[in-house]
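Participant: Copying in the features that Swiss-Prot gives for the protein in this structure:
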type: ACT_SITE; residues: H147; note: active site, proton acceptor
type: BINDING; residues: 48-67, 129-132, 214-216, 240-242, A258; note: NAD(+) binding site
type: BINDING; residues: Y92, R95; note: substrate binding site
type: BINDING; residues: C155, C174; note: Zn(2+) binding site
type: DOMAIN; residues: 20-272; note: domain 'Deacetylase sirtuin-type'
Amino acid sequence: MQSRRFHRLSRFRKNKRLLRERLRQRIFFRDRVVPEMMENPRVLVLTGAGISAESGIRTFRAADGLWEEHRVEDVATPEGFARNPGLVQTFYNARRQQLQQPEIQPNAAHLALAKLEEALGDRFLLVTQNIDNLHERAGNRNIIHMHGELLKVRCSQSGQILEWNGDVMPEDKCHCCQFPAPLRPHVVWFGEMPLGMDEIYMALSMADIFIAIGTSGHVYPAAGFVHEAKLHGAHTVELNLEPSQVGSEFEEKHYGPASQVVPEFVDKFLKGL
């Protein structure tokens, strides 16, 4: 797994240019600022719940802090799983069922990012906070799911990851170990370290352009990615329904529904290559 990750990152690193030099070279187009035409730009995209909301995926987190009438502590923490695994499995079973409903499909924003990856190839990396598979279904392949994946489970003892499309019952066990261990959702809960962070920070240090889509800017470490990218000279872009908590950090900003602003941005970007 580790070698595959660094192989993917080495491809993203190809043709590294002088990052600081391009900061002094800007072209102004109306309300947008884009870097001077770069040869083989490396693009890192971060997506959050806002990109999937238009596909019918509920964000679950309500204004009162409840997730589907449950306290976060009960359904999205290791302690909650230890106290009541049945409740936690039922919660994620419902989310898994919803994701696989026929009406849940990638929207125009997902499809635009797949188009962008097709054009850029190995110079594109997508980091998502979402645990759905809509990016994959749209056609993206170079993806890091930093918060895990809903259609996977893992052994609570060995960490082995398994594909899983159906419900998970408390009595379901993983038999990869000498002693069968409970299965848990392959998702990152509060208090746990997000996945792929070493690879993500290395990619942030090499990106020419950093784009955040549908993120609130409330959740760290992802909220700090824009600052990290800027430190290394990347041009930063926010595509969101409204300004995020860290919106002031971005050099370029476009606001509106993801299904509208993302395809528009991608089309203009690709025309400038």
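Cβ from N, Cα, C; glycine included.
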Participant: Find, among the binding-site residues listed as S52, Q129, the one whose Cβ has the highest number of other Cβ atoms within 10 Å in the structure shown.
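Facilitator: Of the binding-site residues S52, Q129, the highest Cβ count within 10 Å belongs to S52.
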Participant: Using C-alpha positions only, work out which of the recorded positions Y92, H147, C155, C174 is nearest to G214 (NAD(+) binding site).
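Facilitator: Ranked by Cα distance from G214 (NAD(+) binding site), first place goes to H147.
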Participant: Mean pLDDT for the domain 'Deacetylase sirtuin-type' (20-272), rounded to an integer?
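Facilitator: A mean pLDDT of 90 is what the model gives the domain 'Deacetylase sirtuin-type' (20-272).
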Participant: Out of G48, G56, G214, which of the binding-site residues is least crowded by other Cβ atoms within 10 Å?
Facilitator: G56
Participant: How many Å separate the Cα atoms of S52 (NAD(+) binding site) and C174 (Zn(2+) binding site)?
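Facilitator: The separation of the Cα atoms works out to 31 Å.
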Participant: Counting distance between Cα atoms, which of the binding-site residues Y92, Q129, C174 is nearest the residue listed as 'active site, proton acceptor'?
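Facilitator: Result for the residue listed as 'active site, proton acceptor': the nearest of the binding-site residues is Q129.
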Participant: Calculate the distance in Å between the alpha carbons (Cα) of G56 (NAD(+) binding site) and C174 (Zn(2+) binding site), and round it to a whole number.
Facilitator: 32
Participant: By CA-CA distance, flag whichever of Y92, C155, C174 among the binding-site residues is nearest to L241 (NAD(+) binding site).
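Facilitator: Comparing Cα positions, the closest of these binding-site residues turns out to be Y92.
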Participant: Among the binding-site residues listed here (C155, C174, L241), identify the one with the smallest other-Cβ count within 10 Å.
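Facilitator: Relative to the other binding-site residues in C155, C174, L241, L241 has the fewest Cβ atoms within 10 Å.
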Participant: Distance between C174 (Zn(2+) binding site) and Q129 (NAD(+) binding site) at the Cα atoms, whole Å?
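Facilitator: Taking the Cα atoms only, C174 (Zn(2+) binding site) lies 26 Å from Q129 (NAD(+) binding site).
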Participant: Looking at the binding-site residues listed here (G48, Y92, R95, Q129), whose Cα lies nearest to that of C155 (Zn(2+) binding site)?
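Facilitator: The smallest Cα gap between C155 (Zn(2+) binding site) and any of the binding-site residues is with Y92.
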Participant: Check the DSSP secondary structure of Y92 (substrate binding site), expressed as helix, strand or coil.
Facilitator: helix
